[in-house]
Amino acid sequence: MISSREYQTQELATTSTSSKENEKLSAQGVQVALENFPTKNVSEATPSHPYSKYAHLFQREQQFVSTQSSQAKKQYIEERKVVNGTIGEVIRKFEKGKLLGKGGFAKVFQLTDVHTHQRYAGKIIPKGAIRKESAKQKLISEIRIHRELRHRHIVKFESCFEDQENVYIVLELCPNGSVMDMVRKRGRLTEYETRYFMIQVLDAIRYMHRECLVIHRDLKLGNFFLDENMEVKIGDFGLAAQLTSEKERKRTICGTPNYIAPEILSGKEGHSFEVDIWSTGVVFYTMLVGKPPFETSDVKSTYKRIKENIYSIPESLGLSSNAIELIGSILNSDPAKRLSLDEIRSHPFFDAKIPRALTSHALISTPTFEESELIEREDTSSKENKGRENRRQAVAASPSLWNDAMYSVSQDQRAPLQKLQQMRTTMKQNNDHSEKLYQALEKQLSIQDSDRNRETESQGTSRNKATEVASKNNKVLDAPSEDDEQVVLNKAREQLTSSFAMLKSVEQSPFAFTSSLNINDGTTSGSPSFQSPVNALTGGAWICKWLDYSKKYGLGYQTCLGSVGVCFNDGTKIVLEKGPANCIYYMSRTHSSTEKQGHKWIRMTMQDYPAELQKKVKLLIHFRNYMLDHTPKGQEDPLNSPESSFQNVETASSSETCEDAITLPVYIKTWFRSPYAIVFRLSNRNIQVDFNDGTEVILSPEVHIVTYRGKDGRRNSYQQGHLPSLPELLKRLRYVMELLQEMLDRKTT
């Protein structure tokens, strides 16, 4: 397995011969574990090439190769475009610089884009070293997982390509080395610095676990790299695993001996996200003490101490009681009793002040801080929360791009960030656009946290009261019969299965690596399709815009017919129908034991709704206004002009048409996110999958229609049994079919 040891590959070392033997044994042990590393993932389907189906969905459409050349002692690496097996023009050219590190089969060099002068870390893997199919699949797994992670505190994945001799992975350069280097030079870190780094690490792990279902499985100081601003970037995803569900367990024995969790060593019940929390505890201890808690002269003794949870904290170090207590709470041998990420972040240790920023002088000497250079926990929490929200929304609007500038950082504290402006123009323009969109929404949704807290405390009472008031003054509609979700999913799966049975297999690209990471556009083969907006409605209404703001409120969306809705985090729903009367439909939640009896739709008007719903109506209007003003990348406007969809909600008359309404507009019943897409199940029984690259698939099992919107924005609908042999469509449909199967499996279990 190729483990991306981008810059440093050795852990904290001692000078004894026995320690060197320990390192040798450790390397051998990890190598054996890597040989048996499984590749099962939700995105896998064919045994012959597990990854080739889906990873190509989320990368540029062309394939790339590289050629190396030498000019006057300088070495260059060229990234070239390949179309239909033909090598084309140079996409980018890098100057190969100094060696940054090596490990396993790979070496990492500094690469400089000769056009933009942007510097990167280039990981080069000789193809001769990965001839075994298992080694290839492990490398593909590492690439697939890393390239989908976009977070401020994770090393950025720039690109990957190949030539006849090597595979190249281009990564963000972290010029200040790693936290391991820092600890080796200084001995240990202060509690101020440890808090500073740990907050960043916890935020990145939280993102990996909750939003991506990724377990890193090799968290250690050597994999915590430091960028030019002395912020942590987690790297090396060679041992990472992506789960298909939160309940899945892994059983592979892998990791670095000093940091490995006891449940990995036992292997009895498998392991999950808790192993990363254990490693975080080891990291926390090592920062404060200067060496790992279970370190011994040989691996067997280290494992024995881990299993028996034997470690000590030198009293001479004078660590705070909060630090000591937190170490013990994280390093609990029972994964179920180990602190969660949120519990760690809420621990009193993090109540103390932290530095606003660190300088590179901290790499070699212990810093001192003036009072003005420290900030309270409330300030850091607000900053981190805002960063997380901006990050989630930017990924939704522009899934293939990310930008550090979206984080709220003052110029005097982060002047080096100005260098990021040298990045490619297209990336900057898209990210600037995304940032403006979400800053605008953040401003619109500037409802005080205290109001939100008060609503949370009384939401149970408010719901019941809202239902009671609405029943008196407005019309309570009978809720449409709740579809048996299993029936709907089965119909959709059967539709795809039947369609695939009539298709020939899609040819595979000859490129071993880039074919599994990119997509070859095909052409239709005369299959009947209809492209006009009217005919596209044959399959029913769909979601044309959406905004995932579930970190605070919920998911807002707009249908192609113009209505706007919100799925709130508390399980309630609200829909504003397009039309002169601006009717509102609100679905309350009762405490019934069954779903069918537990929901009621209430029809109201903008002038007559319960006071308890004021907050939710206000949020609905904010979402509606935002949808009218913005169309995020990969989304589209309603079929009719947005400006004519609604009258002014403050002046619309309730007597125009609202009382005559008898049917609900199409709304989202359930939704969830996968690593590669967002999935909606609509009230018209359609299943819509919006991929991160801007493409979209809609299954209409009731009328046997599949609708596909490509990257060019064109929408085509196909009848069942008449799907075109279009690789970009078929590979997405196979992914959708796996999602359906996963949903059905969850239902049955």
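Note that Cβ sites are derived from N, Cα and C of the backbone, with glycine treated the same way.
Just so you know, TrEMBL annotations never went through curation; they're auto-generated.
Note on TrEMBL: of 1-25, 26-50, 576-600, the range annotated with the feature region 'Disordered' is 1-25. Residues 369-397 are the range that TrEMBL records as region 'Disordered', among 369-397, 514-542. LYS132 (ATP binding site): 10 other CB atoms within 10 A of its CB, across all protein chains. The DSSP breakdown of the domain 'POLO box' (542-629) into helical (H, G, I), extended (E, B) and coil residues amounts to 19 helix, 37 strand, 32 coil. On the 0 to 100 pLDDT scale, the model's mean across the domain 'POLO box' (542-629) is 82. Sorting each residue of the domain 'POLO box' (667-745) by its DSSP state yields 19 helix, 33 strand, 27 coil.
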